[in-house]
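Okay, structure first, notes after.
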Amino acid sequence: MPPPHRVFALPRQQSLLLPAVINPFVHDLSLSTADITKCFLLGIILVPLRAIFLLLVLMVMWPVSVIITFGQSLKGVVEPMTGWRRFLHRRVMTFLGRMYFFGMGFKVVVKGKKASTLEAPILAVAPHSSFFDAIACIESGLPSTVSRIESLEAPIFGRFLRCVQPVLVSRTDPDSRRNTIIEIERRAKSAGHWPQVLIFPEGTCTNRSCLITFKQGGFVPGVPVQPVLIRYPNKLDTVTWTWQGPKSARLLLLTLCQLCTTVEVEFLPPQVPTEMEKKCPLKFAQSVRAVMAKSLKLPVTDHTYEDCRLMIAAGELTLPMEAGLVEFTKISRKLELKWDNVKKELESFANIACSCKGGRITVEEFASFLKLPISPALQQLFALFDRNGDGTIDFREYVIGVTVLCRPANNEEVIQTAFKLFDIDEDNCITQEEFSSLLRSALGVCDLDVHSLFREIDADGSGHITYDEFRSFALNHPEYAKLFTTYIELQRYQGLQGDETDFDSAFSHCCTAAYDEYQEDSASDKKDD
């Protein structure tokens, strides 16, 4: 069946159109026969040699790191290292870190000049795409970083992490986020007393096809930030570590099998916040991201770590992982949704899309879920959800449709009015005959079997629907709300136009009017883009 004909006079709201990059969390590493052969031949020589060299470097780094951190506490009020500790940390450990990555086959090209602590207390590195991005930390002179407290327990590398005196984040402490920001601000405003703080503002790894949302934590202090770009201009990408892609062990092995892996670290001029940006960390973060995106010649999107969580949830619901991507930052801000709300909508979407491939709902599946036939009314409702007009509904379109079109219409007044319309004899219950009669009129379908839908609403199986049953079903299935409200508007429209009005044209008029009202209500959102 072809996609339903659209009736909208106005274009879709631009601020909720699809992003420039649909999925920045996927990396497809395809190796040709020549690549595999080359990796094997080089690997049998390079991997053993490099493993021995790296082991020797680690044998030197370990005792040095133990000496540096001996007697140093990371809890309570922490003071920066001074004297010989600072020398070993800034000079010796930095040199050994460079030797370590040299042993792995990295050729590091540094561009620009790193600012001093007074010029830029915070370094923002992007795009973040690999565990190899630690190279940026080495080339920055081992500044402090933000790290999970669990990372300190890692064998060997946990000790190395202690050397940089990281700002620690705890998953179990509900005040951890606030305390982290306070500590970053304390160090950033220490007038050079503390070394610089290096952050990865994206908060998760991407495939470097765009810059996703920058988290605000590092921009709250309102001090100058130096952007640091990191690139991997290699023919074969063995470094990108994303949510959908090769495992870390495979990437490490393939990288060790390369004759040389080039990485570019570029220091851009420090970005000084305006007075407005000092008061609004979000604007400062967006400003710095724009500067970095321009230098990288990459688009920006509103994806964030929460999209990754939704990807995992989608996979657990047997949907394709990319089905969970919604640009969470934009969707949550414009539609005022929290992650738990979006997760709940994902579960509802999965109930409809569980039988389809690719995580997209067709009009047939939409009708099957609603237990209604494909009629002009249902096609118009489907078209309201289908924002790009491709004849299917993805999860992003579903969230927008349910939140903007259905839930606002699913209020107590509408539910009461709909119940009264169904309850023709006004006996405070709806029989199957009454239910079928009104739906035939609302959908414009003469031959309509509503037995399965009626049975689902009739929770106690009494043969009639009470108001409590009707209300409970409506609240749990907001998709029907738009059909109810459109039918009510249809009755008003036909009353004004006379009884001769054609059903399809009247229904189209009501859908267009409802859509126009949504456009007016949401137009104020555009100024935020």
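In case you wondered, yes, glycine gets a Cβ from its N, Cα and C as well.
Annotated transmembrane segment per TrEMBL: 51-71, in sequence order. According to TrEMBL, the feature domain 'EF-hand' maps to 373-408, 410-445, 449-480.
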PLDDT averaged over every residue in the domain 'EF-hand' (410-445): 78
Within the domain 'EF-hand' (410-445), residues counted as helix, strand or coil by DSSP: 23 helix, 2 strand, 11 coil
Secondary structure content of the domain 'EF-hand' (449-480), with strand meaning DSSP E or B: 19 helix, 2 strand, 11 coil
